[in-house]
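Structure record follows, encoded as structure tokens.
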Amino acid sequence: FSCNLSDLLYSFLGLLYQEYRDKSTREEIETRRLQDSQTDPEETSPSEETPSEAEPTSTIENKAPPQINLLRNSNSRFNLWQDLPEVQSSGVLSILQPDEIKLQEAMFELVTSEASYYKSLNLLVSHFMENERLKKILHQSEAHILFSNVLDVMAVSERFLLDLEQRVEENIVISDVCDIVYQHTVNHFSVYITYVSNQTYQERAYKQLLQDKPAFREVISLLELDPKCKGLSFSSFLILPFQRITRLKLLVQNILKKVEEKSDRESTALDAHKELETVVKACNEGVRKMSRTEQMISIQKKLEFKIKSVPIISHSRWLLKQGELQQMNGPKTSRTLRTKKLFREIYLFLFNDLLVICRQIPGDKYQVFDSAPRGLLRVEELEDQGQSLANVFILRLLENADDREASYMLKASSQSEMKRWMISLAPNRRTKFVSFTSRLVDCPQIQCVHPYVAQQPDELSLELADVLNILDKTDDGWIFGERLHDQERGWFPSSMGEEILNPKIRAQNLKECFRVHKSDDSQRRKLGSRNRQ
């Protein structure tokens, strides 16, 4: 490039990262909606092989380079690779194949989005963290919890961006970016794990400061009103690193879907994706570990054992689900039914390796009267036997606290609550639809059009444009889904998404996912290591 790329990026990147992210995900949703409605579902049956993106589907597509309409709003000042003056004047657009142009756009988006992210990080530091009034209000320890190691994160982003810019400046046609992603993920991205693991304390400290320090609240409000922030909240800046590391993985996935199969670039993209996935998992684990430890201590304090005491707190144990169910009382005799309540409240704490069955007692306490390892639980749904037995299922403990088999007939408050308990208690039980790992060609799918924050441990938080396989659904508006890009499972309201009706698009989504997550064979690993040497 004849001009300095940094100046070029900043000249047309008028977006803060939050704006970029929101626009790009909404564009992704609209693109998928368009694809879903354009192709006649009758054309492709679910059992047919779906053509990859590399195969042209029409003569029009062959003739004209595709316009990747990410952030097509001209007011956003976000440009595409093919819009760069140097690219326009070079004549490469008439030489390159449409698939290579798509790949160039995918790689260029990774670079420009990093520039947008760095711009937002810079604002977090210069506008908020280094504000003199804020410095005087915050104690050093408060500032440390609030901003954590954001300076390290920003330094890593700057170094990463410089290497990406240098690569783009080498040639108008970008050779690769995933090798750079790989090197930086392995050598520098551990700063993200430190930052994200502090998130629980950060959120709590922020809420506490807003509540306890009116001066802090006032300064933050004034800073948020500054035009530089474009109406975005302080908390949206604090969460940037976690959003970025997750988004970076998706951007590499997007590149991986477009590179030639069995090529050096595919090998490099797979390696970069694998390392990013490791960092994202460590970030998630860091957040969970902080909150789980506190939660386990809190539960332990509430339990009183009627049976032999079971130690609850363990580094490898966490809560999966808790809540009240109705237990059918006594032997099923007509006298019992006439003289006693048919059902009685019990309370369950289900951990990843243990079930504890209790009754609630005064003083926000729970008396434990039975328990069993989670691996020794079985569930069975009762066929509909009238209103009184609606949403009833059998829970069988193959070995309970007394080392014997025990059965409980339990009633949930709704169909969704019953299904949620049954899936949590016996996770290997067959769901209504197939799972991602079964590798079947078709499965109901949904894309997220409204973000959702999980309210319970068995729920799944959703980001805009997430695509999920539907594993189960209930009549009262809940879906049990498996997200394609990371195979995380959980429940969410069906109103958060739109079902993908076109079997061709569903098959394409699955095919792309199998490619991203295919196991690394030894030959590919050797090729990847040779490329990096």
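Cβ coordinates come from backbone N, Cα and C, glycine included.
Remember, TrEMBL labels are computer predictions, not curated facts.
According to TrEMBL, the compositional bias 'Basic and acidic residues' annotation covers 26-35. TrEMBL lists 26-66 with the feature region 'Disordered'. As annotated by TrEMBL, compositional bias 'Acidic residues' applies to 39-52. If you look up TrEMBL, you'll see 102-286 marked as domain 'DH'. Summarising the annotation, TrEMBL assigns domain 'PH' to 318-430. Taken from TrEMBL, the feature domain 'SH3' applies to 441-502.
Sorting each residue of the compositional bias 'Basic and acidic residues' (26-35) by its DSSP state yields 10 helix, 0 strand, 0 coil.
Helix, strand and coil counts from DSSP across the domain 'PH' (318-430) read 23 helix, 53 strand, 37 coil. DSSP places the residues of the domain 'SH3' (441-502) in helix, strand and coil in these numbers: 3 helix, 29 strand, 30 coil.
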